[in-house]
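Input: a single structure, listed below in structure tokens.
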Amino acid sequence: MDENKKRALAAALGQIEKQFGKGAVMRMGDHERQAIPAISTGSLGLDIALGIGGLPKGRIVEIYGPESSGKTTLTLSTIAEAQKQGATCAFVDAEHALDPDYAAKLGVNVDDLLVSQPDTGEQALEITDMLVRSNAVDVIIVDSVAALVPKAEIEGEMGDQHVGLQARLMSQALRKITGNIQNANCLVIFINQIRMKIGVMFGNPETTTGANALKFYASVRLDIRRTGAVKESDEVIGSETRVKVVKNKVAPPFRQAEFQILYGKGIYRNGEIIDLGVQLGLLEKSGAWYSYQGSKIGQGKANAAKFLEDNPEVAAAVEKSIRDQLLAAPASARPAALADEPADADLDY
């Protein structure tokens, strides 16, 4: 850059700082780049698929899927992991369907969890914005976008037409809170439902509620689906779950993770540790026996998982090794099976 341009730029920067304050414009090279802080989802495979070890703080995340696919379970698991790190969490229950007992079974400290059950969509989003601006809340869950009913619709008659009200409400709210979320370094997760577009003959007829604003503002979008049942004998004790990262602004997108959700217990984390540990050679599998550092830990996956449950220090050591290997390596160097191979189907539990 020639001297005249340098002087002009310096004068412009000085004027901007004088008018808008120091730091309004800065060179990216003046400050050391820092890794994006993340909060674990409770699923080891999903944390790895997200590329940074979890969901990014200071960003908006959308989780959507069909009914009973595990959306709320995944968000409650995220809250439980955040609380373990000392985070303050809030749950804006627009659906009025939060079960404290189920949340407690997933590891959530319900005594410290902030809960709101707003009457209207405007109230829910205003509460969310105030919690964000407090700079004191680390994780906020909004369950769900479909339940954010505008006040005009609630006060109107059944059958009244309210075209685009919810879409305008979401667009206005997201414009307002996005900057505050970044400044507060707060993770805001919107749970969303799926609807079918009428008259679609070709392509995917599925869409999410709340129009397009959330799709643009979200840094991460997760599509969660139930792919099968987990059985013990003839009894169904859980569900096979697949999560696809359909949008990711902080790492490469379109990776996916498969894990199991056990009813009343949540994400089967030890099963994931065993699967990934075997793939990476951290655990040895010989026939039905699993071994760790030369010592047998169980015959069959269920017994190996029980060993990890009884010896959390071993589980933590294996998980740390998995994270160190997979999160430090570029995506091209990771085993392809981690993205595409389904969870071990033979009685995982």
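Including glycine, each Cβ sits where the backbone N, Cα and C put it.
Feature list (source: Swiss-Prot):
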BINDING   Gly65, Pro66, Glu67, Ser68, Ser69, Gly70, Lys71, Thr72  ATP binding site
### Task
Would you mind ranking the binding-site residues Ser68, Ser69, Thr72 by how many other Cβ atoms sit within 10 Å of each Cβ and giving me the lowest?
Ser68
### Query
Pro66 (ATP binding site) has how many other Cβ neighbours within 10 Å of its own Cβ?
14
### Task
Reduce the DSSP letter at Gly70 (ATP binding site) to three states and note it down.
coil
### Task
Compute the centroid of the Cβ atoms of Gly65, Pro66, Glu67, Ser68, Ser69, Gly70, Lys71, Thr72, then list the same-chain residues not in that set whose Cβ lies within 8 Å of it, in sequence order, for the ATP site.
Ile224, Arg226
### Task
Indicate the candidate from Gly65, Glu67, Gly70, Lys71 with the smallest number of other Cβ atoms within 10 Å of its Cβ, considering only these binding-site residues.
Glu67
